[in-house]
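So that you can see what the record holds, here are the features copied from TrEMBL:
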- 7-115: domain 'Immunoglobulin' (DOMAIN)
- 13-99: domain 'Immunoglobulin subtype 2' (DOMAIN)
- 124-223: domain 'Immunoglobulin' (DOMAIN)
- 233-343: domain 'Immunoglobulin' (DOMAIN)
- 239-325: domain 'Immunoglobulin subtype 2' (DOMAIN)
């Protein structure tokens, strides 16, 4: 589901233990597999459990040696002696067999935040987005020029700010993957990924080094769509004097912001629960072509143009911004385009 958040979020201090409970009772034939940032760490096949070894679990961030326990009856995973490097997104895949040739595959996700005793904080959040969206990963901290900001994608450095200088994609691998699709705000450190692709799915880590060290984990899953759906421009032909309805096909949430543009001129928006129809000055439209002709649905953002004229022919764009706010924020930007021809 686009915009879906992690099922459960847990905050734990360094040195403590945490249990991730999927909330199920395991059947004899069920297979349960635990992953941490796409690395297999533990699993149960029938009545036998398996805890990963260093060769399989180890990464540059550390390992889970002798710190994992799995319950054979429920599949619950316990992590003991929590470390800062354990912060992130954990996922359990449950395969339930109901027939020799039929099984049900379900996934549950947990985000762990680790708080250290020395002022170091690590935070985790996840989001599901659709291919073609743009995604903003917010730092949500006050940054000064002495802070060093680094962004990593699956442990590869992709962007950084040192002082007033920002740099994107220093290595060839990064340049090839994110070519001209990364934007870094040198003032607040926010990272934007435009026209996101399925190959952009993964873990993005923010590291801010100043008086204290702050780490934030963003786990992004990108759902693929067909090329036709991704590049779709809806076309509508209507006779002069009629009304046209531009459907958004969404249900607006309180943290949605929706704006409509006509040929790049802002004409209407819903900043919260109330819609705002442009005036002539706001639309920058000397001939007042939209005066008393626009209606906007507060629940869906659907735009209706009444008594349409040939001057209303053109391109209409809906920009919907959905923010996921936990201890930090991800903003998902989706654009829908309509081409209206008035006969």
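Think of each number as a place in line: the chain as shown, counted from 1.
Cβ atoms are placed via backbone N, Cα and C, with glycine included.
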The mean pLDDT across the domain 'Immunoglobulin subtype 2' (239-325) is 80
Secondary structure content of the domain 'Immunoglobulin' (124-223), with strand meaning DSSP E or B:
9 helix, 53 strand, 38 coil
